[in-house]
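Below is one structure, written out as structure tokens, with a few remarks after it.
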Amino acid sequence: MVKVTFNSALAQKEAKKDESKSGEEALIIPPDAVAVDCKDPDEVVPVGQRRAWCWCMCFGLAFMLAGVILGGAYLYKYFAFQPDDVYYCGIKYIKDDVILNEPSADAPASRYQTIEENIKIFEEDEVEFISVPVPEFADSDPANIVHDFNKKLTAYLDLNLDKCYVIPLNTSIVMPPKNLLELLINIKAGTYLPQSYLIHEHMVITDRIENIDHLGFYIYRLCHDKETYKLQRRETIKGIQKRSADVCVTIRHFENRFAVETLICP
């Protein structure tokens with residue numbers, strides 16, 4: 001009879017080899033597992049910080065959109081609300097308060113003065129814009145004038161001094177936009193109005209206006225970034241009135257069937 005025996009030491013050695021192989025297989029980790037499971041702490045963004053960044057971005061976009069809308073509205077009002085026609089016309093008037101009774105009556109040429117100006121009418125907004133250029137012979141000053149019937153204000157911009165003057169609208173002298181437009185249409189074929197007379201206005205400069213936002217869009221556009229002052233009307237008379245001081249501003253214009261001389265003094 002043959003007895004089969006096993007070497008225990010050899011069996012233990014084989015068992016240890018099997019355990020070491022299984023251990024090596026368990027320690028094998030795919031290379032991409034490190035990239036997925038392990039991150040740099042500096043690269044991790046907290047959830048609260050990401051939310052704050054999103055809110056800031058949303059508010060920034062909202063402010064940008066609001067600025068675009070407001071800017072577009074201003075540009076639309078600036079460019080769209082333009083008059084269809086600009087009237088260039090003039091008026092002849094007598095230098096003194098003597099008026100010719102007959103249209104065909106003759107008078108010395110030296111007694112006539114001529115006023116020429118550009119007139120724009122914004123009928124829907126009830127605004128008149130008058131541009132008085134530099135006169136060739138008369139001793140008056142160039143100016144831009146705005147009559148705003150909605151705000152019931154008149155603004156004068158002295159182009160020599162680059163200063164603005166604001167006063168309540170005088171409806172007894174200034175013809176409403178609709179009526180003035182009809183008058184201009186009727187005389188569009190001619191260059192000058194029939195001979196007329198001259199009205200004198202004497203105004204005094206008072207307080208400075210620091211904020212002109214409440215004066216309306218058209219006056220704001222006229223007087224923006226310019227020194228602006230209030231005016232007080234001293235008197236309105238027909239006939240000759242001596243100039244009180246050489247420092248006064250004299251503006252000759254018309255927005256009616258007669259001419260107006262506006263004297264603005266300190």
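Glycine residues also receive a Cβ, built from the backbone N, Cα and C atoms like all the rest.
Swiss-Prot has this to say about the protein:
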- Cys164-Cys223: disulfide bond (DISULFID)
- Cys248-Cys265: disulfide bond (DISULFID)
- 137-231: domain 'BRICHOS' (DOMAIN)
- Asn170: N-linked glycosylation site (CARBOHYD)
- 1-54: topological domain 'Cytoplasmic' (TOPO_DOM)
- 76-266: topological domain 'Lumenal' (TOPO_DOM)
- 55-75: transmembrane segment (TRANSMEM)
Handout entry: Cα-nearest neighbour of Cys265 (disulfide bond) within the listed recorded positions, Cys164, Asn170, Cys223
Key = Cys164
Problem - Confidence summary for the topological domain 'Lumenal' (76-266), mean pLDDT rounded - result: 81
Completion exercise
For Cys248 (disulfide bond), the closest of the recorded positions by C-alpha position, picking from Cys164, Asn170, Cys223, is Cys164
Exercise for the section: List the helix, strand and coil residue totals of the domain 'BRICHOS' (137-231) as derived from DSSP. Expected result: 20 helix, 39 strand, 36 coil
Practice task
Using a 10 Å cut-off, grab the number of neighbouring Cβ atoms around the Cβ of Cys223 (disulfide bond), all chains included.
Solution key: 23
Completion exercise
The rounded CA-CA distance in Å from Cys164 (disulfide bond) to Asn170 (N-linked glycosylation site) is 17
Problem - Helix, strand or coil at Cys265 (disulfide bond) [DSSP, three-state] - result: strand
Exercise for the section: Determine the Cβ neighbour count for Asn170 (N-linked glycosylation site): the number of other Cβ atoms within 10 Å of its Cβ. Expected result: 16
Handout entry: Pairwise CA distance, Cys223 (disulfide bond) versus Asn170 (N-linked glycosylation site), rounded so that it is a whole Å
Key = 19
Practice task
Name the secondary structure element type, per DSSP in three states, that contains Cys248 (disulfide bond).
Solution key: coil
Completion exercise
The answer, for which of the disulfide-bonded residues Cys164, Cys248, Cys265 has its Cβ ringed by the most other Cβ atoms inside 10 Å, is Cys164
